[in-house]
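**Student:** Got a structure here, written out as structure tokens. Questions coming.
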Amino acid sequence: MAKKVAICTLLYSRDYLPGALTLAYQLQKLLKHAVVEDEITLCLLIEKKLFEDEFKPQEIALIRSLFKEIIIIEPLKDQEKSIEKNKANLELLKRPELSHTLLKARLWELVQFDQVLFLDADTLPLNKDFFEILRLYPEQTRFQIAAVPDIGWPDMFNTGVLLLIPDLDMATSLQDFLIKTVSIDGADQGIFNQFFNPICNYSKEVLHKVSPLMEWIRLPFTYNVTMPNYGYQSSPAMNFFQQHIRLIHFIGTFKPWSRNTTDYDDHYYQLWRSTQRELYSECHLSNYFTHLQLGNIETETNFYHEPPCLQDLLNHGTRENQKHVDLDITSVDRNASQKSTAEKHDIEKPTSKPQSAFKFDWESTDYLDRVQRAFPKPDT
């Protein structure tokens, strides 16, 4: 029987918007040619404050056109205390923004789905074979998390690609554990390993209070090949397994959309940029990004600068309907078993009688058509 599967990513900073959009676009392309038995829903989890305060209407319209469901998430209980408690370990990574990745603990609350496949916004699936991941472990339980070993410490898993079974009891246990425990790395990867991975939890009595059944299922590395891997990468292995790589994960501070130097002239970085250009071209956005690293990868600047919002750029167009977008956020009706989750999430979907010039009908309208109607080609 077909499962209801959510393929999710998390947006906790507008800096990752280019990654989230490109990821969604790539997933849509690949799903068109993949043989998938499950019912797939592309979801974006986004922090409530970020969604309400930092995105403009046209940016939201583009997000809505690429994701079937936008799930507005609240901060975790005592999240600020957890961030402060983990500050020292997080400083070792020199990545303070990763404190917000603790929000991934909300994934287990998505009980309207049978299974959740989580992908970081800085990942890029390469081919339709990537979706075979959904068939690898048909008997996965709520106590198991499937993930790829981390290249920096293979006894731990990398949280850029996660396969899990949503469960409210598990969500509560994980979030309680998160509040009480200092993460190995100050972020989600450490705490998830300490919760699910017995190797990382030497306090057995703490682990057993949750469940003795906790298990990390090791996925093949080809489902989450991290780059750059200076000092780690095995060139012979990359050459041997190249045709079998399913997904690339651009780890570290600099992303394909944030830097353009010869140091990052790798094939996979170029592939990501090519995919981004394709997205903007098909959405008729290319003309609006001629001076930005966000859309014009050939810029001579080496470092990413915060671009003007999409609204500012799109308002330079001649179409009046580019200037006004009415967005009504409503809650999706859920059955009784999902009401407890609904209290924690606001699910955005189109209203039955949209007031804007754009109509988003996921079931009957091709996603590309929706994008092109939301962002019509500028008059020349």
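Quick reminder: no glycine exception, Cβ is built from N, Cα and C everywhere.
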**Student:** Per Swiss-Prot, what member of H249, H267 joins D120, D122 in binding Mn(2+) at one site?
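**Tutor:** Of H249, H267, H249 joins D120, D122 in the Mn(2+) site that Swiss-Prot records.
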**Student:** Take the C-alpha atoms of A121 (UDP binding site) and T159 (UDP-alpha-D-glucose binding site) and report the distance between them in angstrom, rounded.
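**Tutor:** Distance (Cα to Cα, whole Å): 12 Å.
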**Student:** Specify all same-chain residues, apart from the site residues D120, D122, H249, whose Cβ lies within 8 angstroms of the center of the Cβ atoms of the Mn(2+) site, ordered by sequence.
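**Tutor:** Nearby residues not in the site list: G19, L119, A121, T123, G160, T226, F250, I251.
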**Student:** Hey, of the recorded positions listed (K104, H249, K255), which one tops the CB count within 10 A?
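**Tutor:** Answer by Cβ density within 10 Å: K104.
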**Student:** Same-chain residues six or more away whose CB lies under 8 A from the CB of D122 (UDP-alpha-D-glucose binding site)?
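**Tutor:** The answer is Y16, G19, G160, H249, F250, I251, K255, P256.
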**Student:** Write down the Cα-Cα distance for K104 (site 'Important for catalytic activity') and D188 (UDP-alpha-D-glucose binding site), rounded and given in Å.
**Tutor:** 7
**Student:** Express the distance between the Cα positions of L10 (UDP binding site) and G252 (UDP-alpha-D-glucose binding site) as a whole number of Å.
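**Tutor:** Answer for this pair: 17 Å between alpha carbons.
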